[in-house]
Protein chains: 4
Amino acid sequence: MANEQGLKIAVIGGGSSYTPELVEGFILHHAELPVRELWLVDIEPGQRKLNIVGNLAKRMVEKSGLPIEIHLTLDRREAIKGADFVSTQMRVGMLDARGRDESIPLKYGVIGQETTGPGGMMKALRTIPVLLDICRDIEELAPNAWLLNFTNPAGMVTEAILKYSNVKSIGLCNAPIGLIKQTSAKYGVEADRIYAEFVGLNHLHWITRIDVSGEDKLDEMLADTASYSAKNVPAREWNPEFLQSLHALPSYYLKYFYMTDAMLEEQLESLQKGGNRAEVVKRVEEELFELYNDPELKDKPKQLEQRGGAFYSEAAVNLMRSLYNGTNDIQTLNVANQGIIEFLPDDASIEVNCVVTKTGPLPLQLTKVPPMAVGLIHAVKTYERLAIDAAVTGDRGLAIQALAHHPLVPSVEVAIQMLDEMLEANKEYLPQFFTESTANA
Amino acid sequence: MANEQGLKIAVIGGGSSYTPELVEGFILHHAELPVRELWLVDIEPGQRKLNIVGNLAKRMVEKSGLPIEIHLTLDRREAIKGADFVSTQMRVGMLDARGRDESIPLKYGVIGQETTGPGGMMKALRTIPVLLDICRDIEELAPNAWLLNFTNPAGMVTEAILKYSNVKSIGLCNAPIGLIKQTSAKYGVEADRIYAEFVGLNHLHWITRIDVSGEDKLDEMLADTASYSAKNVPAREWNPEFLQSLHALPSYYLKYFYMTDAMLEEQLESLQKGGNRAEVVKRVEEELFELYNDPELKDKPKQLEQRGGAFYSEAAVNLMRSLYNGTNDIQTLNVANQGIIEFLPDDASIEVNCVVTKTGPLPLQLTKVPPMAVGLIHAVKTYERLAIDAAVTGDRGLAIQALAHHPLVPSVEVAIQMLDEMLEANKEYLPQFFTESTANA
Amino acid sequence: MANEQGLKIAVIGGGSSYTPELVEGFILHHAELPVRELWLVDIEPGQRKLNIVGNLAKRMVEKSGLPIEIHLTLDRREAIKGADFVSTQMRVGMLDARGRDESIPLKYGVIGQETTGPGGMMKALRTIPVLLDICRDIEELAPNAWLLNFTNPAGMVTEAILKYSNVKSIGLCNAPIGLIKQTSAKYGVEADRIYAEFVGLNHLHWITRIDVSGEDKLDEMLADTASYSAKNVPAREWNPEFLQSLHALPSYYLKYFYMTDAMLEEQLESLQKGGNRAEVVKRVEEELFELYNDPELKDKPKQLEQRGGAFYSEAAVNLMRSLYNGTNDIQTLNVANQGIIEFLPDDASIEVNCVVTKTGPLPLQLTKVPPMAVGLIHAVKTYERLAIDAAVTGDRGLAIQALAHHPLVPSVEVAIQMLDEMLEANKEYLPQFFTESTANA
Amino acid sequence: MANEQGLKIAVIGGGSSYTPELVEGFILHHAELPVRELWLVDIEPGQRKLNIVGNLAKRMVEKSGLPIEIHLTLDRREAIKGADFVSTQMRVGMLDARGRDESIPLKYGVIGQETTGPGGMMKALRTIPVLLDICRDIEELAPNAWLLNFTNPAGMVTEAILKYSNVKSIGLCNAPIGLIKQTSAKYGVEADRIYAEFVGLNHLHWITRIDVSGEDKLDEMLADTASYSAKNVPAREWNPEFLQSLHALPSYYLKYFYMTDAMLEEQLESLQKGGNRAEVVKRVEEELFELYNDPELKDKPKQLEQRGGAFYSEAAVNLMRSLYNGTNDIQTLNVANQGIIEFLPDDASIEVNCVVTKTGPLPLQLTKVPPMAVGLIHAVKTYERLAIDAAVTGDRGLAIQALAHHPLVPSVEVAIQMLDEMLEANKEYLPQFFTESTANA
């Protein structure tokens, strides 16, 4: 990070509707994070969105008066070359693929969700090879760059990169920062007076301590069975007796595991009502892009915050600032386990509090691992590791094993049938499974 | 084990239909295991069966001409006092309780099975306190005795004893010896030429190597998708593609996890046809006791082998012989983990190959742990540990957590409702959950 | 830490010459660490020094105009009662005992040093029981207090407290802060821009990274073979070839292990010249107390900084501030290992970078453990654990084992002879070894 | 191991004086270990000895009437090709190099011994590359062969092979079998009634249990302070108080660590008296070869048993028999740690009891690790790992680190000077340290 004239940042999937938030972050924090060049990259089918978002970004920068250059390009390698930070926010197969991820499992009576369960596995199979391709470019063209990965399933993607590339990578999710903000609002204290211990994996964590100005407020938070929620997961309340005896606050994604029956029912109803979550998001996105296209708009519109991914970009800018300045502050990140969760392999990705030093995040020891959670963490990580290796190798046997061992899949037979349908539906994005040598396996 | 006149053995639950097999074993192996006193103990409701079995035992011994004294008693302490070996084969609540264990979960769409799932948990809640009571007696009256535990769920009961008593205890199951015998028959070689590596827990193991005269026959065994079965688990065949990519032979109990939908269907059908497995066993037992009661019968009847528990007693006699003589041979036992499965706690019980030395079994390192299996092993062990602690403390919160985290239970809500019904149905045997302080919890 | 009127601090060994530095710290940082009561406690033989130091402290506070009350007392329990922080800086047996610790080993051709080797072990045997007595008082009278332990051997004392009491305790040494200050001066950057990774134990650490404004300066530091030194360890330079191939900067205390012959020679020469380090310190102390006694002195005198223990008090005040305010900054502390150094027991004390949260320090994962260092770390920790248990039990066999396994002791025979002489010389302070039951062991 | 006509065995260093014992073993156990071809290989300077020993072997076989072919050759590859077992018993640099290993350290006041300390390190530096060359041949020409390694330092050589080759290798030492035989004689029981638990490394073990017919006789063995000795280590008695408080029986090689001063004195005296151990062995060997050369000799001569290596060949034949037949008996072997000693790396070699199955040895869990021993085990293993890597790479810095961290070396300066002299003296056998690129390092 030596360029004296400022930093170069490449955003893969730059045409995303989240980009204005990121741009706002760069503008607000330019003093501590002197961005000079911001490269927004996208693929050809995304050209239109890239232009709309890119032009809004240019108007925002212009209004700010800061010396930030915005580059719009379809040439990923040009964008990556010499970058200080690369961030990814992409969707291989776009919202249509997401729609299928959400709907096919439901046919088999299985949760259909973007990151959790069979849907998440399909997303991983499509996405990991593309991310590893990007890593090859970074290894060659920007070997010192930090890769900030927002692309879901963020934990699995991060683990694949840790295992199969030499790129310095960190996975990011907006859930932890969301909890901090919720707690900050609830107690009326600054975020930096709150220490919440996150234990587990991306979209599969438990919070075991919430110190607010040094006092543990966990019990108070547990008493509120509707707290800690997000727009993209249905807002069922927790059973209070369960929550009390768990002694930990579960991620809202854990509702798919702890309330499987109710969540499934809700998804089926919602499907009948003519819309899975992918459809909803599609409509929201279209509305956003209409707004962005207004040449008078020179700021991030308020409506963006209603997307599920609120705070994503804030999390990204925070992390870049801390890495650039070596502020040694604490952030919740997806990094290699390295002994933190002692029963998981060293190279497994986990979601954990880290001190962000200039040479990277150092994870903090956990003080309380809920004994109830260890089995589920290990079961999901087992699936994740098998699925990652399936994504890299295109090995059908591994894919069967991954899906059959997912806690939400009821049997081997269902796993195999569902896999067959999902592989076929994603054929276009899964060349590794359809080359000659494996096609008839 | 110093008594020069021979060994004293106490069998708790001596009125069991299995006892004749045990007696046969003592007769056949008297040269290496000089049993002098065999004490069969039972509780009052079992007096009739005890007398029938006891008299058969006396006739068997008389026919053999060996100096073995058979004692029948309801006084457990007298039986245990000074014993060299204590074995347990009991059923707290008898077959009626088993019937409820098998039927109640089915109402909630959950597998109803004696040792696996909610049924197994209820059995553990009833049984563990009784076993720990027996341990208190052994600690006082026969501190050097070995306790051989056959009582199911054998893995959980063994772990409870390891954790909450000072008794030297080993858990035993007939499944491993069954596989060895099946393989021995298939290949026509002696059992001691076969080395099968068992990985996992009681009723939750995978076989990762089967060396027959030094050659690994695992692949051959995997090709036969119906091999390795038992009478007490429905004989569904494995999916061949799944088995090949698993690279390990799963226990037939794993069908409850890998074929949950089909097994559940079978149980529901079987229930409609008017009989759960408890009912079947009840009838078989009654027939056996009629046979036993025949004063002309002086041998173990052939029909006994058709019970699911074939080889149980052979396993027990083998183990006693090896402990008594220090033969250092290899047996598959349930013992403390002590680092063998590295992600489980040291005091967790596991099922593992051991060298049986005179001072006890020494577990053997595992050479291949299937990466697919680790999550499920950990998930089930997590449930087991919570359930054990619930059994000991009567803590309803722990019981909720145990059941809610069992991989076969679909949600927290189902767990709580089912638990409520099962606790109530077992009230008589669960004083720890119904004392004043916890009753209205 | 709830007293609204401010904090109560108890300093055991308050008559120490270091106290003025501590008082200065409380004055300088009163805004963030609102000390209301400072209790200086000492034992009767230390009364004179306590008065001198205490009066200086009162003059310093008076000059500052701050509302800090200074209490001088011989009543330890009164001082501890309700304290928020207790710090200890004491010397059981005073400088005379230290003199013996330094001189007896030399008779046997063994390093004679205050904290390292047989001398350190004797200090531990004398000190640990006294500290545990203090802990009993804290458990009773100030259960929420933090105990900041400066008393050497600080690592062993801290481990004894972690293992044998319920007091929240942290061990502190001035070496890490010293390195940071040295580096800060060398590169002209603020201390908070420096991240040095310390690996190992108290007085036995290696520095494996020194990031200065985000650049690793370790190689530069290694090139200067005289850097990282302190007044109380002779200033031999490191062999440059050794340092380069070690790839880590060793603590100056490691010279006793890596340059044993030269250090021994120096100690023997110094002894002949009529003075061990205890004698030197005695003279320095006397001069300091003369200064302190001057009623015109109202500030910490400059000369205090020439004592070996520079920055001790700064380290203490820093730590109290961070704990009180939950600043989450990084400090190098002696805490329970808890898996950080994976080959050491969880309850072993280690010296490690920690994030200081309001509920205590959270240790940071190590990024580079020098493979060369692991054996020596484990060897010294083995000695430490045996010596701690010897100190607590008075078991002569454990004391023999501890000393015989210390890397600086050449043989079992030397260990036993030296131990006999040292126990006898410290008889007065080692009642645990001289009660009737063990006296003639 | 499928050759129907019998086994092919290759002995590298076949001209060794130990060979007749091996041949005797093959003759005695031909029924269970049907050797058809025995290839004795040596290098050119050993041709005369090879012929003498080889001819004796032929006479021994002829007398036995068994169909064993003896082949004498200098062509290692021909000998290895298709072998079932390869055993090595060689001495790179022969007895002259051993003489230097023993005498150079003494100049620096350091123990001079064949396998322990600087002498052992030099032997490792000379030997490991040669063994790895042999492994390259085995990988190519006999990939299924077992390599039984007797070549000292056997632990380090075995670890090097485990780490840097794909050969299936087991390290062997005669010390464990020696203890069993001593105990067997003392108590008048068969060896298979004795179970001794060995904990540690080759030439650095502690015995923590000695069960004789099921009773632990450790305390009795500890009471005899002269027991467990061998001809090649001076027969000093242990300090009884030390032995009692250690609660374990140390290897006689541990005298170099626990009685360093006395052992050093003895070596210096012995040197003055005109003979190090290498000289003594040279004379014994010459006498043996004179005996072997007698054409009337057709049996292993009794005098061979007086060599330090008694039982070496018995150990080898035992191991081959067990591997060939899959007897699952217990032997003490040097194998990969794989978690047995939890603080050592998985690929470190340790000396441990194993069950010898047809597919290799499975190590047994340890039941008692003496807490006193862990530091020394780790310190020596640290040196070993650095020295192994130095042997493979020829990296002078690693060699310095290895020697400087050996517990018997008093300082870095001594380490560097001694290393310089020893490297120079062994120049002929250490090409890896004297290639151009490293010569002037």
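Yeah, the Cβs are placed from backbone N, Cα and C, and that goes for glycine too.
What TrEMBL records for this protein:
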type: BINDING; residues: C:ARG98, C:ASN152; note: substrate binding site
type: BINDING; residues: C:CYS173, C:HIS203; note: Mn(2+) binding site
type: DOMAIN; residues: C:198-409; note: domain 'Glycosyl hydrolase family 4 C-terminal'
type: SITE; residues: C:GLU114; note: site 'Increases basicity of active site Tyr'
Long-range Cβ environment of C:ASN152 (substrate binding site), under 8 Å and at least 6 residues apart: C:GLU114, C:THR115, C:GLY120, C:LYS123, C:THR127
Cβ-Cβ neighbours of C:ARG98 (substrate binding site) (radius 10 Å): 24
Chain-internal residues near C:CYS173 (Mn(2+) binding site), provided their CB is under 8 angstroms and they sit 6+ positions away: C:PHE150, C:ALA154, C:ASN202, C:HIS203, C:ALA315, C:THR332, C:ASN334, C:GLU351
Other C-beta atoms that fall within 10 angstroms of the C-beta of C:HIS203 (Mn(2+) binding site): 25
Across the domain 'Glycosyl hydrolase family 4 C-terminal' (C:198-409), average pLDDT on the 0 to 100 scale: 90
Filtered recorded positions - C:ARG98, C:GLU114, C:ASN152, C:CYS173, C:HIS203 - keeping only those with Cβ under 8 Å from chain D: none
Number of other Cβ atoms within 10 Å of the Cβ of C:GLU114 (site 'Increases basicity of active site Tyr') across all protein chains: 23
